[in-house]
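Novice: Okay, here's the structure, questions in a sec.
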Amino acid sequence: MTSPVVFLFLSQMFGIGFLAPIFFFLFYIFTPAYKLTTPSLYRPGAAPCMALLPTVVLGYYVTHFPSFFHSSLEARNWWNWIWQLFPIWGFIIMVVLSKIIPQPKEQTPRKWKQELNAIRLTIGVISIISMITWWYTILNMDSSVFEVFIPQHFLNTPQEPILGLRTVIQFDYICCYSAGFLWLAYHFKDLENVGVCSISWIRAGCASVVLGCLVGPGTMFPLIWLLREELLVATQPDVKKSEN
């Protein structure tokens, strides 16, 4: 739990586009394929799974949205400064809630099902919020999608500060999501290698492009990650028996 907090906190200073590829690379090399199919090695437990949604809501959304929609510019700046420390707020909330929520002593198929249901609820809520944000942005932006998300400056330096800041954010966005989706692709390749699933990569790529346009990359990422979790659970025979 500590490593993501450190990376998220540092990304607020150095840029997530710079640190996200490092984080996903380290995450991947320290998670070999055999760990993915061994429940005791990758399952966090029921308490952290149940604490995840309130952590995201209280530690991220509560401070993030006022920084955009508050009527006062000064208040928006203050809320943004508070939001900048969301890795710390989230870490504190996550630790406290994980201690408060009862954690079962034994990991049973029924408990694994509860964990998955908690993850489904969390991914469902944040995906809906992310999709609404995506379409709100698309419908209300003054520029084209290409101008908003694709950097217009590569070799030459922007003359206006606002253009320079936008260019940095655009590169952050591209580098972060590219690293994240590449990380997911490698994990799915590992799952395919151990016989968990069979993937048509051309179809998967085309479907991802369509889904990304419909719901946004920020929504597509957790949905694909949830699919990965569903596939892992489906490989556990005890969980299948508990559902029948």
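Keep in mind that glycine also has a Cβ here, set from the backbone N, Cα and C atoms.
According to TrEMBL, the protein has these features:
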TRANSMEM  6-29  transmembrane segment
TRANSMEM  41-61  transmembrane segment
TRANSMEM  81-97  transmembrane segment
TRANSMEM  118-136  transmembrane segment
TRANSMEM  168-188  transmembrane segment
TRANSMEM  200-227  transmembrane segment
Novice: Can you tell me which of 6-29, 118-136, 168-188 gets the most C-beta pairs within less than 8 Å of the transmembrane segment (81-97)?
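Specialist: Selected stretch: 6-29, with the most Cβ pairs under 8 Å.
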Novice: With a cut-off of 8 Å between Cβ atoms, can you find at least three pairs linking the transmembrane segment (41-61) to the transmembrane segment (6-29)? Only pairs 6 or more residues apart in sequence count.
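Specialist: By the criterion, they do not touch.
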Novice: By Cβ distance under 8 Å, which residues at least 6 away from the ends of the transmembrane segment (6-29) in the same chain are close to it?
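Specialist: For the transmembrane segment (6-29), the list is 84-88, 90, 168, 171-176, 178-180, 182-183, 186-187.
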